[in-house]
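Following: one structure in structure tokens, then a few remarks.
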Amino acid sequence: MVGHLSEGAIEVMIQQENTSIKPILQVINIRPISTGNRSPRYRLLMSDGLNTLSSFMLATQLNTLVEGGQLASNCVCQVHKFIVNTLKDGRKVVVLMDLEVMKSAEDVGLKIGNPVPYNEGYGQQQQQQQQQQQQAVPSPASAATPPASKPQPQNGSLGMGSTAAKAYGASKPFGKPAGTGLLQPSGGTQSKVVPIASLTPYQSKWTICARVTNKSQIRTWSNSRGEGKLFSLELVDESGEIRATAFNEQVDKFFPLIEVNKVYYFSKGALKIANKQFSAVKNDYEMTFNNETSVLPCEDGHHLPTVQFDFTGIGDLESKAKDALVDIIGICKSYEDSIKITVKSNNREVAKRNIYLMDMSGKVVTTTLWGEDADKFDGSRQPVMAIKGARVSDFGGRSLSVLSSSTVIVNPDIPEAYKLRGWFDSEGQALDGVSISDHRSGGAGGGNTNWKTLHEAKSENLGQGDKADYFSTVAAVVFLRKENCMYQACPTQDCNKKVIDQQNGLYRCEKCDREFPNFKYRMILSANIADFQENQWVTCFQESAEAILGQNTMYLGELKEKNEQAFEEVFQNANFRSFTFRIRVKLETYNDESRIKATVMDVKPVDFRDYGRRLIANIRKNM
């Protein structure tokens, strides 16, 4: 039984720091360590059959093995990947990055052999003496089986028993001279590469090898204390992730050199407590570049992971606090066109686009892209979207906003994306989806997801609750009421109040309390739309009316004044044209009479491919 473990492996791991070996060890004990609000960490006491060591730490991505009961006291496991970290006081910690449980705790049932605590001061001779003493007095577990043959160590190195090689497929002998694991910076001093998870503000000399998963644009500021600029990075290695920020001179120095998805050695930055309000990075600390910071390319970093996600289900967003930062993954069920808006705080124009993401829960969330992300987004093939660090808003339910610090990946190469794509292609695309976002003030009202026929909207009493309801439908225009559909409005940008003709060449706006030599036309169009089953009167304001008529309001105003016949033809040509309508319905009371008011929020040409696909899916669902 003792031969089943990689005897001598602990010494090789600690003394030689040879991380290429894959030892087979037994878990003796597991102890959780409190980490505040972070994910729990687990400290392990492990045995190689010869020695025990309590300085094993489990990487957080392996926590599920403990929490699921696979990794437990007495189980035997093979370590596939580990890192040795030297603490400030000289003690060494082995961080287990990847391991496989070979025999469960139930199958093993007890401690294998009589291992003794490992002491770094012991030489190999003392350990061999201990081993001989153990073999002379077999343990109850090993007395029942003949001792396994074990090759003698050669040139001062420890071998691994052949029984273990047969049982677990491990054949590489321990004791092979290990590399230094040191980085030689340009200054000539050696710095040890340490995992990100081990960084603390109390360390002065350190180097990490990390992949850049996100790089912000350069941002500037100006206030009473001066002005400056900055950019930030998100870095990841096998142990965790960290955010780094460069200011002023460091921006000029490092911004042109660092590329997203490349791997670099980072040395000597200032570490401080992280501000979680502005970052979704899972680390209690963040890094700031300074005059001593060094960044060197690493050509051998292909093994490092890419972006680390901790996904929140769309259905779980309703329990998240306002302004919380979350990682989300979903299929782009539908999307709006990019529009330009002016940010009031700095009077700067920026692009904005709403997309509607759905996951396997069938829930849909409105997600807003900004700037370059909004302009370049292509949702025509309904891609999988993974977003790290989106901000939760509570406006009208729950919605998300992508920040400048967020990471957006289209069709990421991760298992969750493949699973979601398979589900959507096989069954998800037939679902209407249930929106957790309710944009009551306009827009697409939560996305084109709540598909209804006009008959379904009426029979389900949509709009008769306390809040307005939204639905999407495909219908044809059957009648347009052109009488009084246009009015002369205040020409100022933010005012649409009807003006009064002063009969002296001026037009007065009561709201602005001003007179103007001109006006602009505004439109409120009543339309009757119908599908195969039902019809509905709807009100169309400026943009939706223009989309139906195919002409802008100013041109229509000129036609009405100069060419009544051409004006009539515009309305006639719009009849019997089909559109996809996004409609808001709400019960309103006027003069003691209650009725459902239907307002068109958005009008788009029918995507007949998508429409046909949904009809076929509905037919199959009802067969």
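Sequential numbering from 1, following the chain as shown.
In case you wondered, yes, glycine gets a Cβ from its N, Cα and C as well.
Note: the DNA-binding region (206-290) comprises 9 helix, 45 strand, 31 coil (DSSP; helix = H, G, I, strand = E, B). Sequence annotations record features per position, and here Swiss-Prot assigns DNA-binding region to 206-290.
Here Swiss-Prot flags 124-154 as compositional bias 'Low complexity'.
A 10 Å cutoff on Cβ-Cβ distances gives LYS22 (ubiquitin cross-link) a total of 21 other Cβ atoms nearby, all chains included. As annotated by Swiss-Prot, ubiquitin cross-link applies to LYS22 (among others), with the evidence given as similarity to another entry.
What Swiss-Prot records for LYS172 (among others) is ubiquitin cross-link.
Summarising the annotation, Swiss-Prot assigns ubiquitin cross-link to LYS192 (among others). LYS192 (ubiquitin cross-link) falls within a strand when secondary structure is assigned with DSSP.
Summarising the annotation, Swiss-Prot assigns ubiquitin cross-link to LYS229 (among others) and lists similarity to another entry as the type of evidence.
Per Swiss-Prot, ubiquitin cross-link is recorded for LYS253 (among others), and the stated evidence type is similarity to another entry. Around the Cβ of LYS253 (ubiquitin cross-link), the number of neighbouring Cβ atoms within 10 Å comes to 14.
Using a 10 Å Cβ-Cβ cutoff, LYS268 (ubiquitin cross-link) registers 17 neighbours. Residues annotated as ubiquitin cross-link in Swiss-Prot: LYS268 (among others).
Non-local neighbourhood of LYS276 (ubiquitin cross-link): LEU325, each in the same chain, at least six residues away, with C-beta under 8 Å from its C-beta. Under the heading ubiquitin cross-link, Swiss-Prot lists LYS276 (among others).
Listed in sequence order, the residues of the same chain lying 6 or more apart from LYS340 (ubiquitin cross-link) and placing their CB within less than 8 Å of its CB are GLU349, VAL350, ALA351, LYS352. What Swiss-Prot records for LYS340 (among others) is ubiquitin cross-link, and it gives similarity to another entry as the kind of evidence.
In sequence order, GLU534, GLN536 make up the list of same-chain residues 6 or more apart from LYS458 (SUMO cross-link) whose Cβ falls under 8 Å from its Cβ. The SUMO cross-link feature in Swiss-Prot is assigned to LYS458 (among others).
Annotated ubiquitin cross-link per Swiss-Prot: LYS467 (among others), in sequence order.
In sequence order, no residues are near LYS562 (ubiquitin cross-link), counting only same-chain partners six or more apart with C-beta under 8 A. Positions annotated as ubiquitin cross-link by Swiss-Prot: LYS562 (among others).
In the three-state DSSP scheme, LYS586 (SUMO cross-link) falls into the strand class. Per Swiss-Prot, the feature SUMO cross-link maps to LYS586 (among others); the stated evidence is similarity to another entry.
Feature annotation from Swiss-Prot assigns N6-acetyllysine to LYS172 (among others).
Annotation comment: Swiss-Prot describes LYS176 (among others) as N6-acetyllysine, evidence class a large-scale study or a structure entry.
In this view, the densest Cβ surroundings among the modified residues THR200, SER393 belong to SER393, judged by other Cβ atoms lying within 10 Å. Ranking the recorded sites LYS192, LYS586 by the number of CB atoms within 10 A of their own CB puts LYS586 at the top. For LYS229 (ubiquitin cross-link), applying a Cβ distance below 8 Å and a minimum sequence separation of six or more within one chain yields ILE218, ARG219, THR220, TRP221, PHE247, ASN248, VAL251. Between the CA atoms of LYS253 (ubiquitin cross-link) and LYS192 (ubiquitin cross-link) there is a gap of 24 Å, rounded to the nearest whole number. Across the structure, SER393 (phosphoserine) and LYS192 (ubiquitin cross-link) place their CA atoms 43 angstrom apart. With DSSP classes pooled into helix, strand and coil, the tally for the zinc finger (490-512) is 0 helix, 6 strand, 17 coil.
The recorded sites shown are LYS22, LYS192, LYS268, LYS586; of these, the one with its CA atom nearest the CA of THR200 (phosphothreonine) is LYS268.
Looking at LYS586 (SUMO cross-link) and LYS467 (ubiquitin cross-link), their Cα atoms lie 7 Å from each other.
Around the Cβ of LYS467 (ubiquitin cross-link), the number of neighbouring Cβ atoms within 10 Å comes to 11.
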